[in-house]
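Working notes for the structure below.
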Amino acid sequence: MAKTLKDLQGWEIITTDEQGNIIDGGQKRLRRRGAKTEHYLKRSSDGIKLGRGDSVVMHNEAAGTYSVYMIQELRLNTLNNVVELWALTYLRWFEVNPLAHYRQFNPDANILNRPLNYYNKLFSETANKNELYLTAELAELQLFNFIRVANVMDGSKWEVLKGNVDPERDFTVRYICEPTGEKFVDINIEDVKAYIKKVEPREAQEYLKDLTLPSKKKEIKRGPQKKDKATQTAQISDAETRATDITDNEDGNEDESSDYESPSDIDVSEDMDSGEISADELEEEEDEEEDEDEEEKEARHTNSPRKRGRKIKLGKDDIDASVQPPPKKRGRKPKDPSKPRQMLLISSCRANNTPVIRKFTKKNVARAKKKYTPFSKRFKSIAAIPDLTSLPEFYGNSSELMASRFENKLKTTQKHQIVETIFSKVKKQLNSSYVKEEILKSANFQDYLPARENEFASIYLSAYSAIESDSATTIYVAGTPGVGKTLTVREVVKELLSSSAQREIPDFLYVEINGLKMVKPTDCYETLWNKVSGERLTWAASMESLEFYFKRVPKNKKKTIVVLLDELDAMVTKSQDIMYNFFNWTTYENAKLIVIAVANTMDLPERQLGNKITSRIGFTRIMFTGYTHEELKNIIDLRLKGLNDSFFYVDTKTGNAILIDAAGNDTTVKQTLPEDVRKVRLRMSADAIEIASRKVASVSGDARRALKVCKRAAEIAEKHYMAKHGYGYDGKTVIEDENEEQIYDDEDKDLIESNKAKDDNDDDDDNDGVQTVHITHVMKALNETLNSHVITFMTRLSFTAKLFIYALLNLMKKNGSQEQELGDIVDEIKLLIEVNGSNKFVMEIAKTLFQQGSDNISEQLRIISWDFVLNQLLDAGILFKQTMKNDRICCVKLNISVEEAKRAMNEDETLRNL
């Protein structure tokens, strides 16, 4: 919300104690540990305070209107910000699902079974526009979007003040619902606000989520009866001995599920000796729904019908003091009977009076066992597996409430509930042979995904077919970097998520795994299982859990999962087991898994993966070719839309851009501008865009490189503009280096000379307030981008060093390996010389390199100055070399990109003709 204190300009952070007294920095250090404090923000201009439980009206740029939130927490000094403001989201009337509303509150009405548009229109006419619906969805607020403080009241107070309310400030809340606008539950908003202020933020959010969940019936089991005061022996019978929670007049609740075993359960089956309880005989049951940092539950032994209970007599000294009645005369004040008292575990002492078991040891054992227990070990049979779609911890239901930023990007716009999707446009033709053409006609791809319409349609059809039929499939997407592979897949998933949100297709879970972001390849198992179940297991336990989930869990008890494996090249291992597992899971009958693998290598399956993996990838392969110059031109025009003929204000002394309030008109702005500030119009010529797209398309077809060239060209044009008018940066006048060395091809030189006069005329035509990006600026940017310092260095190397690199590139092309032995490179150099024996220049070079035809010096087996050439390439960072005694079998590898090495070699005319 505020990364620095500068972002809090106009606001101050206030901290108060339990009595409401303001605490300064010195008092904070003197306060005792555990003392409760409250934080709130105060605006200096009007004294408005924002704290927990307050409702605020914020501007919503995506919806073009305002939204209302209830502040839940102020986080100070986080990892990225000085202060963060997190709030619960209210839904307004147009964000509610009208059909779900009428089904819940008017189930017998005659208005049911009507078209969806009918409910939208009816609800817009009858709904109270100032009624809000509270949700448990968290969102981070930005202070610059703050409008005003909202006055939220319950239904009874609203009825009293109904005729005298401010529609922009006063609101009423009667229900809490899910973020999708369904399942309404009656609440008292005043009680909710009081509860949020009283408890911790995490507990408050869990409380609100529990309100929207369906209530579960729990069996009530009576707790232990009170012992007689005179009794000094304890009898534990009809069960295995267990350590129990001892409370005053408290009834315990126990889940009677016998098919599901928690991963923290520890089975104990040894016999017990009279008067002594062994540490191995205690079992700790950890509630999965509680936080791991809570105090652990006291160990209990489960009832077993097979074993016969024993009576264990405890001496007077062995009985815990907590089970004895409190003293009558003196003693501490009794605790609230509604709150259970945590007691120490009943443990015996050995002869040396050392405790048998420690709490923290049992807690660590339970945590460790949980991380190593796979999902498959928790069920005794397949029939015992519950419906995973109804469990709140599965499929990221809890994490989505916390990750509101990601959720806001994927959910539909809040302006209207129904969004027209591709599915809704072509659903009638989905079974026809013209479905691909219909998809291409249904959306204007030029507005957000130019030149990738066919690839979009192919991926969309494959993914849609698998989701609709509850089947599994694999989609292999390949192409060079920067051709729109990941962007296209994300647009497909975004479109499918919109259709899923409107119940057009079944719901599914989307997981994105990037191979470059994994510390080790096996981390992908942990990431995927964490997204599916919300648990964090070891990679081995996660892999076993995923195997069981995709193979054994029935289809009707789980969702479809769409996994994007981006940067697949980085996940290839020597054993290839990771790739095999992911692609093999899609062959299971119950999988419901869609794997979209994105790689930068066209023939990765055939080159680096075995036959068993290649056969499981299938035939759905979509190849992304490089962009043509026309497509790159369209992309640049799309990205630069709104840039041409845009204005900015610049300080002529410092060169800094000045931000001007857009509310005022041009005349008012000119009157308020200082003398040193000028208004400048930015313009990029069509010829500059044309040459940028053509040059990049001829090299790689990388859209990112083309945009990078345009950005750099704009920076060069800015420097030219500042130098032309004598302006400066930070008080220093900009001077262009006219003697700066540039490397151009012959074709580039002719193009620059032919356009130089035209650019000079354009500069003369431009007035002082126009900054134009000409073709010369683009050529300089291309020279910097395409001809890097590495390429410049390599073009100036000796012919011997160039011949070495050229031979290395030839070997890499022949056998497809990145590492080559030095002996093979020497043989390749000799082969190149023999093959080009008709080339007089090559033959003369060979005589020089191997000292051939000399009377005084015998012919050399190695190239002359071999060690010098090799060390020169190693010191420059162009090569990696393996350290071995035998140089001939040492392996070398390029430390630069292959494209840069090829481009540098192509600069040499002799090597280009070999």
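Cβ coordinates come from backbone N, Cα and C, glycine included.
Per Swiss-Prot, ATP binding site is recorded for Val435, 479-487, Glu567, Asn600, Arg704, 726-733. Among the features that Swiss-Prot reports, Mg(2+) binding site is placed at Asp566, Glu567. The compositional bias 'Basic and acidic residues' annotation in Swiss-Prot covers 221-230. According to Swiss-Prot, the feature compositional bias 'Acidic residues' maps to 247-296. According to Swiss-Prot, the compositional bias 'Basic residues' annotation covers 303-313. Summarising the annotation, Swiss-Prot assigns domain 'BAH' to 48-188. The annotation phosphoserine is assigned in Swiss-Prot to Ser237 on the grounds of a large-scale study or a structure entry. The annotation region 'Disordered' is assigned in Swiss-Prot to 218-343.
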For this session: Please state whether DSSP places Glu567 (Mg(2+) binding site) in a helix, a strand or coil.
Result: coil
Exercise. Could you tell me the C-alpha distance between Asp566 (Mg(2+) binding site) and Leu487 (ATP binding site) in angstrom, no decimals?
Worked result: 11
Exercise. Using DSSP, would you call Gly484 (ATP binding site) helix, strand or coil?
Worked result: coil
Exercise. Can you tell which of the binding-site residues (Asp566, Glu567) has the fewest other C-beta atoms within 10 angstroms of its C-beta?
Worked result: Glu567
Exercise. Within 10 angstroms of the C-beta of Pro481 (ATP binding site), what count of other C-beta atoms is obtained when all protein chains are considered?
Worked result: 14
Problem set entry | Long-range Cβ environment of Arg704 (ATP binding site), under 8 Å and at least 6 residues apart | Pro481, Gly482
Exercise. Name the residues of the same chain, 6+ apart in sequence, whose Cβ is under 8 Å from the Cβ of Leu487 (ATP binding site)?
Worked result: Leu449, Arg452
For this session: Calculate the distance in Å between the alpha carbons (Cα) of Glu567 (Mg(2+) binding site) and Gly484 (ATP binding site), and round it to a whole number.
Result: 13
For this session: Enter the number of other CB atoms within 10 angstroms of the CB of Gly484 (ATP binding site).
Result: 21
Seminar exercise, completed: According to DSSP, Arg704 (ATP binding site) sits in helix
